[in-house]
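Participant: The domain 'Major facilitator superfamily (MFS) profile' annotation in TrEMBL covers 39-410. Residues annotated as transmembrane segment in TrEMBL: 6-23, 35-54, 74-93, 105-132, 164-185, 191-213, 234-256, 262-282, 294-314, 355-375, 387-405.
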Amino acid sequence: MISSGVLLSCHLVLLALFGPYFERNDIILESKHTFLTKNFILLFIGNAMVFMAYNMQVPVLPLYGQKIGLDAGQIGLFVGVLMFAGLLVRFFTGQLLAYFSKKTLLLVGAGLYLLTAIAYPFFTIFGILILLRVVNGLGHGLATTYFATAAADELPLNRMGEGMGYFGVSSMLTASLAPLIAIPLAEYLSFNAFFLACVIVLSIAMVSLLFLTPHQQTHPVRKSQPLFAGFDRTFVPQFTMIFFLGLVMGGVSAYTTLFAKVLHVSGVAWFFFAAAIVGVLMRPMIGNLFDQRGAFFVVIPSIVALIISLWLLVTMHSTWQLVLAGVFYGAGDGTIFPTLQAWTLKDAGNEKRESITGVLLNCYDLGMGLGAYLLGLIVDASSYRTMFVSLLWCTVLYLGFSVLFKKRRRL
């Protein structure tokens, strides 16, 4: 299954290295319709490495928190505060472009990620760790916003879904490898070895970003904008649906590893691996389906896949069930996020792209942050299984909201 994702990555890396010998006007293969520009490929690589680090941290930081004596609520806050910090910085993503290029802002975002990866192993005090996660979150907010919009700048509107689908492969491909690298490093070597691996990965991201060619702004950016400039009621369906997705992601990311450990079910890395591989394989196809059939055709079946995944986790008793849950989870998460993102980018247009995308990702991060923290409180009050049952019912509610938006012809 991994071969197609690896081949795509190798193809893009080769184009990044040798594209300048064949390109004309920064467009590879001399086609004005292609989106495989040098910048797109470098963004693909940088995004892949940042999300590699992120997805390495997702299953391991809860284990690290448990090792240094944090309870479930503290672990939830430790994991989730990154999302709240990312939410904060995105209120200013549109205004920042009046002062800095996207290349500069991407370098700052990846740089903050790198600095915190270096600092984590030196501290075990909860307050300091939270502060580091806040700084990490500022980098996360900058990187995730500008990677997406910079990639969208390279895409023609009629291929936005397809292009963002391929771009999404950059995060999903590395997400498939991240748990297989991160969990064994932490369990069989040390947490220091794990953090060192994160530093190496983020250094690669920084190097790729250094070679980006900044674009001139094609539309004026106001230096003073309302704090909620990106909020537009037209995009309420996207905002609501991605919030629910974030809620599910927050719970699954923070607690699947610990839940499997409590049940003595091995192979949790394969859950994340299966989810990522399925997402990699489906994203290009999903992009075409979105362009041809619309968002509803993709989103509703994907939410059903999430419900099946959570049901499998709730009833989990063996490794094969855990891996099967990962397959359905990848079919859901790996398709909903890029579909909602492509839909938003397509409708926002160039002038509002950064501010609308900022609000969209804020809704996602708010869901993830609240999910990680509030679901941790449920764990402290009851059990991991009860928490996953609660999350299952939240996802059923998510399906209901999505069907309602469709009936109102908003989707």
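Our numbering is plain: 1 for the first residue shown, then up by one each step along the chain.
Glycine is no exception: its Cβ is also placed from the backbone N, Cα and C atoms.
Any TrEMBL annotation is an automated prediction that lacks curation.
Note that the coordinates shown come from a computational prediction; the quantities given were computed from them, not determined experimentally.
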Participant: So what's near the transmembrane segment (105-132) in sequence-distant terms, Cβ-Cβ under 8 Å and 6+ beyond its ends?
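Facilitator: For the transmembrane segment (105-132), the list is 46, 50, 53, 64, 68, 70, 74, 77-78, 81, 96-97, 138-144, 146-147, 150, 191-192, 195, 198-199, 202-203, 205-206, 209-210, 212.
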Participant: Return the stretch with the most CB pairs under 8 A relative to the transmembrane segment (234-256), choosing among 35-54, 74-93, 191-213, 294-314.
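Facilitator: By the under-8 Å Cβ criterion, the transmembrane segment (234-256) pairs most with 74-93.
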Participant: Mean pLDDT, the domain 'Major facilitator superfamily (MFS) profile' (39-410)?
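Facilitator: Its mean pLDDT is 84.
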Participant: Given the cut-off of 8 Å on Cβ pairs that are 6 or more apart in sequence, determine whether the transmembrane segment (387-405) and the transmembrane segment (164-185) share at least 3 such pairs.
Facilitator: no
Participant: Report, as numbers and ranges, every residue of the chain located at least six residues beyond the transmembrane segment (262-282) whose Cβ falls under 8 Å of a Cβ in that stretch; write 'none' if there are none.
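Facilitator: Distal contacts: 1-2, 4-5, 55, 58-59, 168-169, 172-180, 182-184, 256, 316-319, 322-327, 329-331, 333-335, 384.
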Participant: Taking contact to mean 3 or more CB pairs closer than 8 A (sequence separation of 6 or more), are the transmembrane segment (355-375) and the transmembrane segment (35-54) in contact?
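Facilitator: Stretch pair does not touch.
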Participant: Are the transmembrane segment (35-54) and the transmembrane segment (294-314) close, by which I mean at least 3 Cβ pairs under 8 Å that are 6+ residues apart in sequence?
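Facilitator: No, since the transmembrane segment (35-54) and the transmembrane segment (294-314) share fewer than 3 Cβ pairs closer than 8 Å, they do not count as touching.
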Participant: Who are the long-range neighbours of the transmembrane segment (74-93) in its own chain, taking Cβ under 8 Å and residues 6 or more past its ends?
Facilitator: 58, 61-62, 65-66, 126, 129-130, 133-138, 140-142, 144-146, 227-228, 246, 250, 253-254, 258, 354-355, 357-359, 361-362, 365-366, 368-377, 379
Participant: Taking a Cβ cut-off under 8 Å, which residues six or more beyond the ends of the transmembrane segment (164-185) line up next to it in the same chain?
Facilitator: 2, 5-6, 8-9, 35, 40, 43-45, 47-49, 51-52, 54-60, 63, 148, 151-152, 155, 193-194, 197, 257, 268-273, 275-277, 279-280, 283-288, 290, 330, 334, 337-338, 341-342, 345
